Amino acid sequence: MLKYEYILVRYGEMTTKGKNRSKFVSTLKDNVKFKLKKFPNIKIDATHDRMYIQLNGEDHEAVSERLKDVFGIHKFNLAMKVPSELEDIKEGALAAFLQVKGDVKTFKITVHRSYKRFPMRTMELLPEIGGHILENTEDITVDVHNPDVNVRVEIRSGYSYIMCDERMGAGGLPVGVGGKVMVLLSGGIDSPVAAYLTMKRGVSVEAVHFHSPPFTSERAKQKVIDLAQELTKYCKRVTLHLVPFTEVQKTINKEIPSSYSMTVMRRMMMRITERIAEERNALAITTGESLGQVASQTLDSMHTINEVTNYPVIRPLITMDKLEIIKIAEEIGTYDISIRPYEDCCTVFTPASPATKPKREKANRFEAKYDFTPLIDEAVANKETMVLQTVEVVAEEEKFEELF
């Protein structure tokens, strides 16, 4: 019986790019190669319009499972390759149709003749291929408007591709084409989703997490490491910077009026993150803020917090409600990690009545009474940095190291 030999990848949004399209295609190819590292027999050919993945005996389901998380892929089809002869095409179409899983009652045939010298025209091929499927199946009908399955045939010189198992990719742009940002990763539900959506726009991310021992636990720190690890499903790696924040928070609690302590804390986080961004050649800062969700996420608060950085602040969740954010968190695998009951530094010294309309002038006046610069310098200098990769890649590297 014929088996799937290829996966044909369609780019989606990348097709709108002009002269720099080759850069996008090259980056996507590199990302796919990295994602499929554990499949040594695979061959990848990336053209201007699509990507061809030759399986060479590798399990198509296992490969598909990893492909679906690669940004830059709009859709992909499992494909069979047959000689460009009518009988081979008919048998290939039937074999592909029979491998489709689920309750299938209707189908249609779509033919694209890239090879214009093929002796039959498209309108002649449609009844030939469709009739062959009808003759060899039961309780199946043709529906050209809303079929359960679309059997696609691409005829080329010498060979043809047969496809009907179409799967959705992650969409967006390949990670790496849009520069790098620093993501404030708190450990809650929102910030991992913000990181995910930032990566979807082709941007590489490094994460910054503020922890305040002994007020925050090692389990809270591990939760953030696990979140960063989960995000590596969608990129090559995530660099995580763990910033000690205890002394900064204790000083804020002592020196700043409680109503402004949350605002000043966020401003200090921005200052520290900007310093790390400069070190790491990042171009922006991403946060998980959603407008009006909590006191520190009003327009007034954001206006006051933004004052302390010259970097663009990207807020992918700004117009989403909590249920929308939770839905994405569940889909990308971060929700169950985020709801582990371990407190982060944002819950330490929480004021009873935080200002919802803080003013820049007041924040500056309160901060001017104490020199926070040495504390910021110390926090940046004492940060712990770790590089996280997908579990499969780490296992392969460890296996390689054991050989020596």
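Each residue, glycine too, has its Cβ placed from N, Cα and C.
In the record from Swiss-Prot, residues L184, L185, H209, F210, R266, G288 bind ATP; the candidate from Q99, Q297 listed for the same site is Q297.
Sequence-distant contacts of R266 (ATP binding site), defined as residues of its own chain at least six apart whose C-beta falls under 8 angstroms from its C-beta, comprise S296, S301, I305. Summary: among the binding-site residues (L184, L185), the fewest other C-beta atoms within 10 A of the C-beta are counted at L184.
Across the domain 'THUMP' (61-166), the DSSP tally of helix, strand and coil residues reads 34 helix, 34 strand, 38 coil.
The Cβ neighbour count for Q297 (ATP binding site), using a 10 Å radius and every protein chain shown, is 21.
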